[in-house]
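Chemist: The following block contains the structure, expressed as structure tokens.
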Amino acid sequence: MLDSKLLRGQLQEVADRLASRGFSLDVARIESLEERRKAVQTRTEQLQAERNARSKSIGQAKAKGEDIAPLMADVERMANELAAGKLELDGIQAELDGILLTIPNLPDASVPVGASEDDNVEVRRWGTPKAFDFEIKDHVALGEVSGGLDFEAAAKLSGARFAVLRGPIARLHRALAQFMINLHTGEHGYEEHYTPYLVQAPALQGTGQLPKFEEDLFKITREGEADFYLIPTAEVSLTNLVAGEILDAKQLPLKLVAHTPCFRSEAGASGRDTRGMIRQHQFDKVEMVQVVEPAKSMEALEGLTANAERVLQLLELPYRVLALCTGDMGFGAVKTYDLEVWVPSQDKYREISSCSNCGDFQARRMQARWRNPETGKPELVHTLNGSGLAVGRTLVAVLENYQQADGSILVPEVLKPYMGGVEVIR
């Protein structure tokens, strides 16, 4: 979340910057709450000073043998008023904190200003989409040729937006995840993690999914115990590993990676991408997280994005990189690059990775800090996250870009070591 000092000292500037994201900050409400907070705080401080003075007078009066009953009554009255003032102050602060939890991050000055995805800026492209000399099939039709993709069986088990993978296609899906993990751990310096797929609410609040986006999550209610949520991304579990910690400067940067299933309700996606594997309730993803010194986070974002790009380059899949505009960035990001891979059947690029610098936004929620050797004091770290990559969408891209006229699929060269001698999926 944002630093509350910004709302006290630069409220209108913050409101103007948030407006570029399409977010309307209720300035009047915040000003009203701040005025009440200051008034109550001033009153309680005055009462505390008066109470201290009265308490001192009691001792003096008692030493002189004077009647202390009126003074005692005054002190008791003030104690009651102080308790009421503290309750009121706590209520005001809780309301301000609640507002803070709903406010998105401030965009970096380098982020293009815009209202929607139409205003995103293309940064670069890699590779050239293949010109097929036959009528191409989409991944659903290709899956039917081999029998390796079965959406009907999945619907029988779980309903819409699920898939059953079989045989060589299931193995190809696994190969992709293994290849990604091996690349990031072997060449990019990440440490592999296996984390819980179920987390509690504080973890999701720490990374910004709660309270604002609860409808996008799958929740497991437990009577008498804390609720569980299925993770929407391993960003949640990986980033929260540093919650409440004070890291030594020598530990930074932390580079963490995990391969997990992800679970999303897709509450706002009704009618979109209903065919195939593009938008699923359950999908696998390899997630990269970095925890860095604040001065190095923008440089780290470029490196994180390059790590995700390397996966696509080695798979020889054409892609482009977009700098997201202010109106299209995620809730917690100060700057985001999206990677979009070429999907032949749709004749366009589709998102396959989102790489974001969240600044100290998540760290403040989680109280994740490092000890700055220059000051000797704990300070907030910066956190970054990025898909490296979404496994299901990468499978879609491989199936479609490596298809042959008969519906068979060539196995990309870098995946052959994982395929047990299978070079063509028929």
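Backbone N, Cα and C atoms are what each Cβ position is placed from, and that goes for glycine too.
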Chemist: Going by Swiss-Prot, Thr233, Ala234, Glu235, Glu287 bind L-serine; tell me which of Ser146, Ser158, Ser354, Ser387 is listed for that site too.
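Modeler: The record-listed residue among the candidates is Ser387.
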Chemist: List the Cα distance (Å, whole number) between Glu287 (L-serine binding site) and Glu351 (ATP binding site).
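Modeler: Roughly 15 Å, rounded to the nearest whole number.
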Chemist: Report the member of Thr233, Ser265, Ser387 (the binding-site residues) whose C-beta atom has the most other C-beta atoms within 10 angstroms.
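Modeler: Ranked by Cβ atoms within 10 Å, first place goes to Ser387.
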Chemist: Would you measure the largest Cα separation among Thr233, Ala234, Glu235, Glu287, Ser387 for the L-serine site and round it to whole Å?
Modeler: 9
Chemist: Excluding Thr233, Ala234, Glu235, Glu287, Ser387 themselves, which residues in that chain have a Cβ inside 8 Å of the centre of the Cβ atoms defining the L-serine site?
Modeler: Val236, Leu238, Ala258, Thr260, Cys262, Lys285, Val286, Met288, Val289, Asn385, Gly386
